[in-house]
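Noted in TrEMBL for the protein shown:
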- 12-32: transmembrane segment (TRANSMEM)
- 107-130: transmembrane segment (TRANSMEM)
- 142-160: transmembrane segment (TRANSMEM)
- 180-204: transmembrane segment (TRANSMEM)
Amino acid sequence: MHKRTKVKMTFFVILVGMASMFTAVVTDHWAVLSPRVEQVNATCEAAHFGLWRLCKKVIYISEADYNGKGCGPISLPGAENCTYFKHFTPGDESEIFEVKTQKEYNISAAAIAIFSLAFMILGTLCLLCSFKKGNDYILKPAGMFFAFAGLCAIISVEVMRQSVKRMIESEETIWIDYSYAWSFACACAGFCLLFLSGLGLLLLSMPRMPQNPWESCMDAEHEVE
């Protein structure tokens, strides 16, 4: 298969990875939280959140099986109220969760995700420039940028995972149960596609290996002349 065709196929995979990562960044279904249901025929408040926003949903519980368990599932009908995290407002306490360190985790995850988007943009610019004749050398920085974007994506995922784990283990919160949702899955998919595609571009940017030993010998003879 021709090298340019391989690059175009890799670029298509990169576009899918970029779409997955962008979807994860702008949506707020990274994790779903639920408190304990104390009594039946009452309401409980579940929540789902992302990098920028927390949405709380009031759900009416009428089944006895939920008594003493977590509130939800979040797909049940109910009134929803969403608030944006005040990450960068000095002197203003955010209503992320009831733990102060939770804000620090969320700021870190959001900042690293922005770095991922920046690397994706730089990689795309380099890759588009490499399509011009004689610019194959730009494939190497493009591959590095996409690989860095993938690494930032998985670091953001891990920071968010530690954030949820720390919050659930804290005695200061009402949440007893959690699950990761589709935005979290999109971020993981973005990491896999971007990182592997970046490595693929790096391999494509390497000089072609000789098909047989005679090619190396022929090149050596030309150098001697």
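The backbone N, Cα and C atoms fix where each Cβ goes, and this holds for glycine too.
Note: TrEMBL annotation is automatic and uncurated.
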Q. What residues in the same chain, six or more past the boundaries of the transmembrane segment (180-204), come closer than 8 Å to it by Cβ-Cβ distance?
A. 3, 6-7, 10, 13-14, 16-18, 20-21, 23-25, 27-32, 48, 50, 74, 113, 116, 120, 123, 127, 139-140, 142-151, 153-154, 156-157, 160-161, 164
(Q) I need to check the long-range neighbours of the transmembrane segment (142-160): which residues 6 or more away from its ends have a CB within less than 8 Å of a CB in the stretch? (A) 14, 17, 21, 24, 30-31, 51, 105-106, 108-110, 112-113, 115-117, 119-120, 122-124, 126-127, 130, 184, 187-188, 190-202, 204-205
